[in-house]
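Here TrEMBL flags 10-83 as domain 'Cation-transporting P-type ATPase N-terminal'. Annotation source TrEMBL lists transmembrane segment at 66-82, 88-106, 250-272, 278-303, 700-726, 732-751, 772-791, 803-821, 842-861, 873-890.
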Amino acid sequence: MPEQQSQTNRWHARQADEALRELETSNTGLTHEQVQERLYRYGPNRLDEAKPASVLQRLMRHLNNVLLYVLIAAALVTALMGHWVDTFVILAVVVLNVAIGFVQEGKAEKALQAIRHLLAPHAVVLRDGRQQDIDAAELVPGDVVLLASGDSLPADVRLLQARNLRIDEAALTGESVPVDKQVEAVADDAPIGDRVCMGYAGTLVTQGQARAVVVATGAATEIGRIGRMLESVEQGTTPLLRKMEEFGRVLTMVILATSAILFLFGTLIRGMGAGEMFIAAVGLAVAAIPEGLPAIMTITLAIGVQRMATRNAVIRRLPAVETLGSVTVICSDKTGTLTRNEMTVQEVICAGQSLVVEGAGYAPQGALVFEGVAIEPVALLERSVAFLGLMEAAALCNDASLHETDQMWTLAGDPTEGALLTLAMKAGLSPASLKVDRPRLDVIPFESEHRFMATLHTTDGGSEVLVKGAPERILSMCSHQLMADGEELALEPARWHAHVEAQAQAGRRVLALARRRLPNGKDMLGHEDVASELTLLGLVAIIDPPREEAIRAVAQCGAAGIRVVMITGDHGVTASAIARQLGMGDDVKAITGPELEQMDEAAMRQAVAEARVFARASPEHKLRLVRALQANGEVVAMTGDGVNDAPALKQADVGVAMGMKGTEAAKQAGSIVLADDNFASIAHAVEEGRTVYDNLRKTVTFLLPINGGESLSLLLAVLLGIALPITPVQVLWVNMVSSVALAMVLAFEPTEADVMQRPPRRPDEPMLSRFVIWRIFFVSALFLAGIFGMYQWMLSQGATVEAARTVAVNTLVCMEVFYLFSVRYLKSPSFTLEGVKGTPRVLMAVFGVFALQLLFTYAPFMQSLFASEALPLSTGIFVVLAGVAVLVILEIEKMLLRRLGLGPS
Ligand code: ATP
């Protein structure tokens, strides 16, 4: 049993070093042994899940259903009338129904549970003096964590160092304006909102960076103490399921009213016995209500969510599953999503000189080719001071690190920076020893808004600031350029811009590097220090090739009527070149962020109608773009990773957050999280979304006509005043056993071949479309004809009512089986090799149903329960023929509708 953590320590009123002492830790974090011991002592950093409903509560929930009330009432009445067999069957059905709902709910819940695990938050800690990325559940008091903008706080922390830190504490205090944080202690009695030196679990860093020590984990955190669960996957339903539930409720009421009218009609007008008529009315209700539908729809959705997760798209909000099927525009980031994010420097340009860099990946192997020949690094750096200065800046103005294990080089940090480290190492420099020689005094971290990063270092006799970033940004800060011989001449902007343009044309990302000497004694860096008077060292050109699978996915989206739009922080020309390589068009002209800023609402709507590439765009532009696209009637999926992307992700119809490089803020705002950050996974999610919708529609189209056929048969019998062709308990058998078993198959149906060749579904398209309604009526009529026809035909052959009913039930089930084969392909022909072969699941269900029907017909105990009778085998041939007839007629119908262009959309 984990020990209770102290809750009386007033961490906010203590100074940082005092807190470290108290927690028996240091600025560089805990050791492995300390962590193990504390993990054992305090338990994992996890909040108890909301208590799951008890078995009894869950059972009661499933019993709370109008149909079951009807059945229980029917069981009572049949018992009063002494029809014990009926009572027994009806009660068995009640139990079965509750059990099926129960098990299915468990399955759906399990699917979601597995996904919740995928979304577990991470934390960056210092342990054993090393920076590590760990599962937030493994945090213990005393751990030192590093926080950056976009992170969700993994535990309650006392800040040790903070730079421009702002935290959104709405989750805890309800205050929506982010709070400025600092490390100084506050008054002992300060309320939570004023404890500016603290950070609380579940709140979000919106800006800045910090180092902090964990003071409370799990249930001991503030959020744990107020017992609020932070949901990682939203429970619930989707608009479509809600509509169907509503439809189901109305349908049930109509059916109950019809049954009541039928009862009155039979007893008062036809003069039939009340008992007999009651059974008929119950039979009608049971026949007409699609009992299995809600459960099967829920499970179809859960299966879809599970399938998406296996294809790297994790659903956080269920309605997204549906919306995905209607997406018309996907706005995607470029770097890492459409491209591989494996950056390699290919060329370095200094004033008047250029260097080709060979090799690929992060391994520091590859020749430097200068003036057409490979050159030794030492010789190169000796010949050109500019190259030396640039390489040093590349290594120092850098937060990434490279590690070699078994001759494999892996990167920790930003790929752009990794490429620069590799470059410096190819030039023979050692970034690690450079960092020791010229320690960093301060940093302005890279943020997409500024598009540069700057670091301040000591250098002989003073300090020097090194800057790297987007070339147009850096060029605007520079006044001079460094020449090969060390001379500093006035900057020639036009020449540099021409170089940038030429590199970008080839799809390369260009970064500029610059430096500036600062007065002695300077140890803090402000934006004003880098705003002007910089000396340009040169440019580096980096390739980041498109992902192969993204090229395929872009083409697939095109065929599926979905426009892919690239929104990137990169240079317009680079972005256009990459778009071309991705097959987004040969002449894609990028619209840039500054151009967007000039546009008003109307101009923006016009611009987004056709455009494929937006470059140098920042997160605010994303929000405006989504709005403009939506105003044009588009259904928009939008990707994002940064904290500032959150509003755009929320605004989009489907917000897609990056699982690997995305911040916690983006993940919380998104309705989908991509486990592999890959564009192709969005296309897969759309495909699965469309499949889910197809399967839901197939389920509805399959089940409703069966209920329709059964109830019409019973109605017709009562209206004609003849014996029922199928008794109520037999209807229950069909609905609860065969129909459910067969319909369940549809939840698992694989994707149809043409799913990504159709245009997106209109979001307002009703599930019960004209086609589905037509199918319900048409197939109901076919079922009515089959049931009634076979029943009457058997009677005319001199069979007993029991035998005729057994034939009617078997015909109904057989027609269901053949109808299942038809429904699996709503639009395309079912008479194909694949269609006839079915899937193992289909065959298993059909075989199972066949075996059950044999039992129903021939097993003595079933005969006594359901009043069925053994049939001669020859009758079976006619039963099968009736089923085949349904399939053939529906194939002809499909063909005719296709010819007339009236099929389902
Ligand atoms: P996306 O395509 O996903 O929007 P991006 O990487 O192209 O991502 P940003 O990360 O916003 O966009 O980068 C914008 C520009 O800032 C880049 O084109 C590059 O010039 C510059 N840049 C990127 N990373 C760094 C960095 N670590 N330090 C300095 N400048 C950088």
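Any Cβ shown, glycine's included, is placed from N, Cα and C.
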| message | Counting only residues 6 or more past its boundaries, what in the same chain has a CB within less than 8 Å of a CB in the transmembrane segment (250-272)? | response | 66-67, 70, 278, 280-282, 284-285, 288-290, 711, 715, 718, 721
| task | Report the listed stretch (278-303, 732-751, 772-791, 803-821) having the maximum count of Cβ pairs within less than 8 Å of the transmembrane segment (873-890). | result | 803-821
| query | For the transmembrane segment (700-726) against the transmembrane segment (842-861), do we get 3 or more Cβ-Cβ pairs below 8 Å once near-sequence pairs (under 6 apart) are dropped? | reply | no
| So how many of the residues in the domain 'Cation-transporting P-type ATPase N-terminal' (10-83) end up helix, strand or coil by DSSP? | 45 helix, 1 strand, 28 coil
| task | For the transmembrane segment (772-791), name the stretch out of 278-303, 803-821, 842-861 with the most CB-CB pairs under 8 Å. | result | 803-821
